[in-house]
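**Student:** Dumping the structure here so I can ask a few things about it.
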Amino acid sequence: MSATKLPRLTTKIRLAVLLALICFVLALQLSGLAHIRQKLGLSYELPSSLGSAHPPVERRLGDDVILKNVSHLPRIQFDFSQIEESQLEREVREQRLKSVKDGFIYAWNGYKKCAWGHDEIKPVTCQPNDSFAGWGATLVDALDTLFIMGLKDQFGEAVEHLKGVDFTKADTAISLFETVIRYLGGLLSAYELSGERLLLQKAIDLADALTPAFSTPTGIPSNRWDMSTGYEHMWSTRHAILAEVGTLQLEFMKLAEITRNSTYFHLVQRVTDALERAEKSIPGLYPLSIDTETGAFTSDAISFGAVGDSFYEYLLKQHLYVGGALDQYRRMYNESVNGMIQYLVKEGHYDKKRGLFLGQLSYGQYIQKMEHLSCFVPGMVAMGAKTLNRSGDLKIAEELAESCYWSYNQTITGIGPEDFFFDLIDEPATSPPRTNSMYKLRPETVESLFILYRITGNKIYQDKGWAIWQAIQKYCKTESAYSGLFDVTVENVRQNDNMESFFLAETLKYLYLLFSPPDIISLDTHVFNTEAHPFRRLYHTRPHAA
């Protein structure tokens, strides 16, 4: 071989080696590196030309429930890296964040002073109130909010108190629904955030004490359960409420995941199956009560407000939680939202507001009433729009959210009523507008504002949330904490001496997250139970050791 050909050959060898090295690196990216980065909790995306950025993973909900196609699902949150926050915008946001946190601390200190260990504080008279078995509903409901806000000393003090609480005993019949969403959800979320083992053990104790309530012919539990006798409360026998039996699933599924005990999953999955099988006059729209022995619906009333609301919420959230691995939840959600849009969402007007409103059905008749409780729907529909290829639903979500906010903005106090009646677009306006003008410190409107901000990046939702918080500060603050109101339509308000635990668990948490950096409890990694307790989605959890 001549000396003149050596450089050419060397160059070819170098190119071949370089090409092989590039192929090796790409193969490494496609196989092991994504898995490694996922375990470390880091985001990792491959160029679309290289295939799926997030291949499905396998997860378990107990030893005999293996989900083989838990997917990442489409992104929900806006890409906030596209916009730069100015120094002034950051200062305003952080000032608002601090104000909400200060309000939470104020209410927590009032609870500690007046009602420590009890379920709730009466914030006007500084007295305790026990409505939820006396286990300390406010304390448990607020655990994850304490942790998210970085209030570690208060969190530790609350956990220490729970060492002496027996969640297997109650002097009165309990609400299964309220017990699961507030106590079980609160314990599990706080455990997942903190790793505090005591909280997991308390959650297991509580869940095991509740499981006999599911021992009906259909598996649909009765909501009132007497833990001392093991029997259903006599006046609730056989008749179950849709939201109360359809809003247990996330909590028991999360417990099945953590403990690897599939019994918890099967309990609630049997309920979901029974609800899907039950005959409905309108596909996707579920009547509000059901017979626990026959599995037949016993009502023709349909509502996304009271006693129906969170059932629909959990259909989407179960889909998100399992990463689409069980298609049932997606199918049921799509059918329900299609029915809602066709039969319940109407164009109308309320006072000076024209737009979309969400009504109800009663024995086939349309009821032009929109409840504060149904104001979670804009947030739900917006998340469904992003994850289920329902892009047109986002506009519906934004318009419904505007109607919910208008119910606040049009009152003299700036606080929204418990419900209001609207007129259809071709009807004359009712004068004066009819409302149930009570306010219970409810979270649903700020919940939807938070979700829409995280989805759109539009700061108008932060401004609206801030206006609501300022009104709460002005009219609801007491010498001890915060109180609901009897009438939001008069400036000389009367406080009702009630602060439900969800004010700390939901209302203030959603307001705090509205002004937090958007990667704090991201909608792409977590789902919130109906009491705003965040659970990490299965795709974003680490596989548990066998």
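Cβ coordinates come from backbone N, Cα and C, glycine included.
Caution: TrEMBL annotation is automatic and unverified by curators.
These numbers come from a predicted model, not from an experiment.
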**Student:** Between CYS404, CYS476, which residue forms the disulfide that TrEMBL gives for CYS375?
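**Tutor:** Of the listed candidates, TrEMBL names CYS404 as the partner.
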**Student:** Considering only the recorded positions GLU178, CYS375, CYS404, GLU418, which residue has the minimal Cα-Cα separation from THR530 (Ca(2+) binding site)?
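**Tutor:** So, spelling it out, the nearest of the recorded positions is GLU178.
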**Student:** Considering only the recorded positions GLU178, ASP309, CYS375, GLU418, which fall within 10 Å of GLU444 (active site) when distances are taken between Cα atoms?
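**Tutor:** Neighbours among recorded positions, in sequence order: CYS375.
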**Student:** Which of the recorded positions CYS375, CYS404, GLU418 has its Cα closest in space to the Cα of ASP309 (active site)?
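**Tutor:** Result for ASP309 (active site): the nearest of the recorded positions is CYS375.
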**Student:** A 10 Å Cβ contact count, applied to the active-site residues GLU178, ASP309, GLU444: which residue has the minimum?
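**Tutor:** Least crowded of the active-site residues GLU178, ASP309, GLU444, by Cβ count within 10 Å, is GLU178.
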**Student:** In angstrom units, rounded to an integer, how far apart are the Cα atoms of CYS404 (disulfide bond) and GLU178 (active site, proton donor)?
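**Tutor:** About 25 Å separates the two Cα atoms.
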**Student:** For the C-alpha pair, I'd like the distance in angstrom between CYS375 (disulfide bond) and GLU418 (active site, proton donor), rounded off.
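**Tutor:** Per the Cα atoms, CYS375 (disulfide bond) and GLU418 (active site, proton donor) stand 11 Å apart.
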**Student:** Give the three-state DSSP assignment (helix, strand or coil) for THR530 (Ca(2+) binding site).
**Tutor:** coil
**Student:** Provide, as an integer number of angstrom, the distance between the C-alpha atoms of GLU178 (active site, proton donor) and GLU418 (active site, proton donor).
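**Tutor:** Answer for this pair: 20 Å between alpha carbons.
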